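*Asks:* Okay, so Swiss-Prot annotates it like this:
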- Glu91, Asp110, Leu112: Mg(2+) 1 binding site (BINDING)
- Asp110, Asp113, Glu277: Mg(2+) 2 binding site (BINDING)
- Asp113, Gly114, Ser115, Ser116, Asn205: substrate binding site (BINDING)
Amino acid sequence: MSGATLEAYLASCTTHGDELSRDVAAVIQRLAKAALDIRKLVNQGALGTVFNGMHSGSNTDGDVQKDLDILCDDQFLSCLQGAPVACYASEELENPVLLDPAARLAVAIDPLDGSSNIDNNISIGTIFSVLPAAKGPDVDPSQSFLQPGNRQLAAGFFVYGPQTALVLSLGRGTEIFIFSSRLGCFVDAYKSVGIPDRANEFAINMSNYRHWEEAIRLYVDDCLAGSEGPRERDFNMRWIASLVAEAYRILVRGGIFLYPADSRKGYSHGRIRLVYEANPIAFIVENAGGSATTSVDRILDLVPESLHQRVPLVFGSRREVARITRYHVDPNMIGERAPLFGKRGLFRA
């Protein structure tokens, strides 16, 4: 339904008599409305009263919260009041919030991903996951979020950039909607997005090279060696330091994103939050024909141990993601490389 409004698209995906799909559609429409309000705040830039303000507290990761982080979290929580949502979990909150115990859905969200980039006018966004709510007498709301990502009913992210976009998957493909100021709504601009299997771009923060494990170094060395190395073709490197912006680019034109675990304190288990960042991104990417792993294991098969658990994240073009896994698990991938591209690599550790 390319060119359809978000409302029309959701209506087309709602099966007659299927109350669960109607509930999912209702939640997505509420999130979209809240995102448009946040878009207005972000577009004010430094002119906005909450743009640069620092909150006195910190989030679950220990990061100092900006006032805009808190405002966005409040905005999304408020928009889901009265929606068919049993509980709400957020990066900004230590524990889930119970909304309607009788409702069927649970929503996990990163209200303002990339907020450290706000001052630099780089695209930021909101990432969300819609899950079936855990049921049972006296059930702990956190149980709704301790289920593998392959149980997600929907996932998406908003990008607040030159265009305001919604990337959405209901489990049957991935669509990209762009907000039309003329129509006042989101319009389907990229129908059934497909990530190419073959990639010529990779995104990673090269400043951490010395901290990576050998398999990641070797993969990057081979990409940098280009047509003169074992890959026998040239690669470009990208790094925006905004997960939603990186994911959007890969969905539109292919490539691979790597945020591996490394040897720094606090990074040995990765840095991307599984429940409300890695899982929704992986769901979106897989429904666009790509792959998402921890470098070895499929993201969507992981069972979260805690709400704010962190993991390494590699996603994008299927062949490249599979190659990185082979670098980790198949010693022959190292032995078969040309001597110049052996363990030493192009950079000294």
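Glycine is no exception: its Cβ is also placed from the backbone N, Cα and C atoms.
Structural setting of the listed features?
*Replies:* Under DSSP, Asp110 (Mg(2+) 1 binding site) is assigned to a strand (E or B) in the three-state scheme. Sequence-distant neighbours of Asp110 (Mg(2+) 1 binding site): residues of the same chain at least 6 apart with a C-beta under 8 Å from its C-beta are Ser90, Glu91, Thr126, Ile127, Phe128, Arg273, Tyr276, Glu277.
Over all protein chains present, the Cβ of Asn205 (substrate binding site) has 14 other Cβ atoms lying within 10 Å.
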*Asks:* Return the count of C-beta atoms lying within 10 angstroms of the C-beta of Gly114 (substrate binding site), excluding that atom itself.
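*Replies:* Total other Cβ atoms inside 10 Å, all chains included: 23.
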*Asks:* Could you measure between Leu112 (Mg(2+) 1 binding site) and Asn205 (substrate binding site) for me? Cα positions, answer in whole angstrom.
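*Replies:* Each residue's Cα considered, Leu112 (Mg(2+) 1 binding site) and Asn205 (substrate binding site) end up 21 Å apart.
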*Asks:* Looking only at Ser115, Ser116, the binding-site residues on record, which one has the least crowded Cβ, with the fewest other Cβ atoms within 10 Å?
*Replies:* Ser116
*Asks:* Ten-angstrom check, please: count other Cβ atoms within 10 Å of the Cβ of Leu112 (Mg(2+) 1 binding site), all chains counted.
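*Replies:* If we count other Cβ atoms within 10 Å of Leu112 (Mg(2+) 1 binding site), we arrive at 29.
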*Asks:* Non-local Cβ contacts of Asp113 (Mg(2+) 2 binding site) (under 8 Å, 6 or more apart, same chain)?
*Replies:* Ile124, Gly125, Thr126, Ile127, Phe157, Ser242, Leu243, Val244, Glu277
*Asks:* Within 8 Å of the centroid of the Cβ atoms of Asp110, Asp113, Glu277, which other residues of that chain place their own Cβ, given that this set defines the recorded Mg(2+) 2 site?
*Replies:* Glu91, Ile109, Gly114, Gly125, Thr126, Ile127, Phe157, Leu243, Val244, Arg273, Tyr276
